[in-house]
Amino acid sequence: MAAIDGLPPLREVIQRHGLDAKKSLGQNFLLDLNLTQKIARTAGPLDDCTVIEVGPGPGGLTRAILSLGAKRVIAIERDARALPALQEISDHYPGRLTVIEGDALKVDFEALVPAGEPVRIIANLPYNVGTQLLVNWLLPKAWPPFYRSLTLMFQREVGLRIVAQEDDDHYGRLGVLAGWRTQARLAFDVPPQAFVPAPKVTSSVVHLEPIEHPLPCAAQALERVTQAAFGQRRKMLRQSLKPLGGEVLLAKVGIDPQRRAETLSVQEFVTLANAI
Ligand code: SAM
């Protein structure tokens, strides 16, 4: 029986194309099209957008994005075995899906879409690749960036770190970088049994939208301060920030040297970054 979008059920697609999940590529597939539509809807209206999807695999999320009316989808997939399955989706939605075979960490995303065209990025990725891509998307020199939003699946633990604010155990470098330039929220959790094969832990969908005018600061300086401060998160700032000026730096910006990294707001981190 065909699925709600008229294409064959994903379980059959996976079987027919021999897409046994590869651990080395972090493959945990979503087969429930209601769930993939819920993820795609979290991204916001898609009909005027080009969606860049990273890691489409057998195409569950890709199908949801297309069925919700995305003008165009550009999908980047590392596993060549998935290409014939994705070609079937492309045939079903003529002219709307372009698949690029390759490693998303090596792709120049901005160059994929003509300047000025609205872009949303949606991905269910292995979490280490996802975290690296997120940091790359958060730290371009020019801001606002080329995309309108990022809707990404992470291990729940990583999701909590992205949306964390000061005085939260999960607060760290990711929370500061995301909080500086975006409005980030944890949209909903996805239990392990929603995936095939099931991972060990719960996942979360995180949605981020760029702030148009974040506090002025050099990304590189903010990286240096957060790395030093959270590298020794249990230590007082006068100790952890010693390589960047320690007590002198803290006195210059009026921050108590006895405080610890996790108590500083994003604004205070920006002040520190601007002072080094
Ligand atoms: N989007 C599909 C879904 O939701 O069912 C698949 C998700 S699976 C967690 C991750 C996908 O990312 C796999 O298809 C895997 O081959 C692909 N992938 C892993 N590393 C990648 C990379 N560096 N660049 C592009 N795709 C990658």
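Backbone N, Cα and C define each Cβ position, glycine as well.
A quick note: this is a predicted structure, and the numbers were derived from the prediction, not measured.
Here is what TrEMBL says about this protein:
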type	residues	note
BINDING	Asn28, Leu30, Gly55, Glu77, Asp103, Asn124	S-adenosyl-L-methionine binding site
DOMAIN	35-212	domain 'Ribosomal RNA adenine methylase transferase N-terminal'
Greatest C-beta neighbour count within 10 angstroms, which of the binding-site residues Asn28, Asn124: Asn124
Averaging the per-residue pLDDT over the domain 'Ribosomal RNA adenine methylase transferase N-terminal' (35-212), what integer do you get? 97
Looking at S-adenosyl-L-methionine and its recorded binding residues Asn28, Leu30, Gly55, Glu77, Asp103, Asn124, figure out the farthest C-alpha pair and report it in angstrom, whole number. 21
Look at the binding-site residues Glu77, Asp103 and tell me which residue has the greatest number of other C-beta atoms within 10 angstroms of its C-beta. Glu77
Using a 10 Å radius around each Cβ and all protein chains in view, which of these binding-site residues has the most neighbours: Leu30, Gly55? Gly55
By a three-class reduction of DSSP, Gly55 (S-adenosyl-L-methionine binding site) is assigned coil
